[in-house]
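Visitor: Dropping a structure here in structure tokens format, bear with me for questions.
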Amino acid sequence: MGEQPIFSTRAHVFQIDPNTKKNWVPTSKHAVTVSYFYDSTRNVYRIISLDGSKAIINSTITPNMTFTKTSQKFGQWADSRANTVYGLGFSSEHHLSKFAEKFQEFKEAARLAKEKSQEKMELTSTPSQESAGGDLQSPLTPESINGTDDERTPDVTQNSEPRAEPTQNALPFSHSSAISKHWEAELATLKGNNAKLTAALLESTANVKQWKQQLAAYQEEAERLHKRVTELECVSSQANAVHTHKTELNQTIQELEETLKLKEEEIERLKQEIDNARELQEQRDSLTQKLQVSCSKNCYSLLHRKASFFHIALTFFLRLHFVGFGHFSFPGLLIHA
């Protein structure tokens with residue numbers, strides 16, 4: 001086109017399905033540049049978007065167009081000339097709002113430009129009517145044309161028929177007829193546009209119903225996800241409680257392991273004491289046995305000594321009693337006087 005864009009943004013471009021008039025059909029695989037242009041040759045504003053070398057949007061903004069926000073990031077408008085509905089998906093609500101503001105601004109500019117164009121057309125048509133009427137109001141005589149009465153055309157007899165000349169209303173009537181035809185054509189165009197807009201409105205109404213259904217489905221999905229998030233939060237809190245309980249159990253296990261270690265050390269100490277006691281018991285038994293053996297030996301020796309002493313005593317006693325009797329024998333004893 002040659003003009004520079006007035007405003008540009010990036011969005012995903014969609015068009016309404018021409019068959020179903022309900023579903024959106026993406027016309028770009030990714031986000032593309034969507035720009036506003038001013039066509040100075042036709043005094044109109046356009047929305048143009050290119051996907052490579054292909055024009056996927058070429059829409060002329062008219063005063064009767066309306067840009068509708070259908071969600072936080074999606075907007076649409078109907079183009080009756082292109083017989084379609086365009087949809088734009090933006091990356092944020094801010095970009096959508098900015099595009100909608102520019103649409104309203106250029107729509108108002110298009111309305112003012114159209115009004116000025118109509119006023120200019122009316123102003124150019126009015127002087128031509130006045131000049132044509134003024135010329136016809138004055139008689140077309142040689143005096144009025146030349147300004148003098150000196151030069152006259154050849155006399156014409158009064159009986160001759162007058163020359164056929166256009167009446168004063170002939171030119172304005174033909175001009176008004178042309179204007180009437182123009183407005184009739186404009187009216188027919190407006191009726192056609194009105195019919196297209198009505199059809200687009202019906203399509204938009206159907207789309208609104210579908211979008212309401214989709215919105216209800218999205219709300220239901222959002223509620224389900226919210227419940228799922230709540231459940232996960234509960235599970236997370238339970239997991240935290242389990243983790244805390246696990247930590248406490250680990251601490252208890254560690255304390256029990258330390259206690260068990262102390263008990264094992266105590267058992268080892270007791271085993272050592274038992275071994276020592278056994279050794280002492282063995283030593284005691286050995287000493288007891290030795291003592292018994294020693295006691296037995298000592299008792300035998302003592303008895304032997306006692307027997308020897310008794311024998312000596314008896315011998316002495318007998319010797320005392322039998323002194324003087326000479327040799328005296330006694331069974332088991334040999335006594336000499």
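For all residues, glycine too, the Cβ spot is worked out from N, Cα and C.
Reproduced below are the annotations present in TrEMBL:
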| type | residues | note |
| --- | --- | --- |
| COILED | 201-297 | coiled coil |
| COMPBIAS | 138-147 | compositional bias 'Polar residues' |
| COMPBIAS | 155-173 | compositional bias 'Polar residues' |
| DOMAIN | 1-110 | domain 'WH1' |
| REGION | 114-173 | region 'Disordered' |
Visitor: Mind checking how the domain 'WH1' (1-110) divides into helix, strand and coil residues in DSSP?
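Guide: Grouping H, G, I as helix and E, B as strand yields 18 helix, 51 strand, 41 coil.
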Visitor: On the 0 to 100 scale, where does the mean pLDDT of the coiled coil (201-297) fall?
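Guide: Value for the coiled coil (201-297), mean pLDDT as a whole number: 85.
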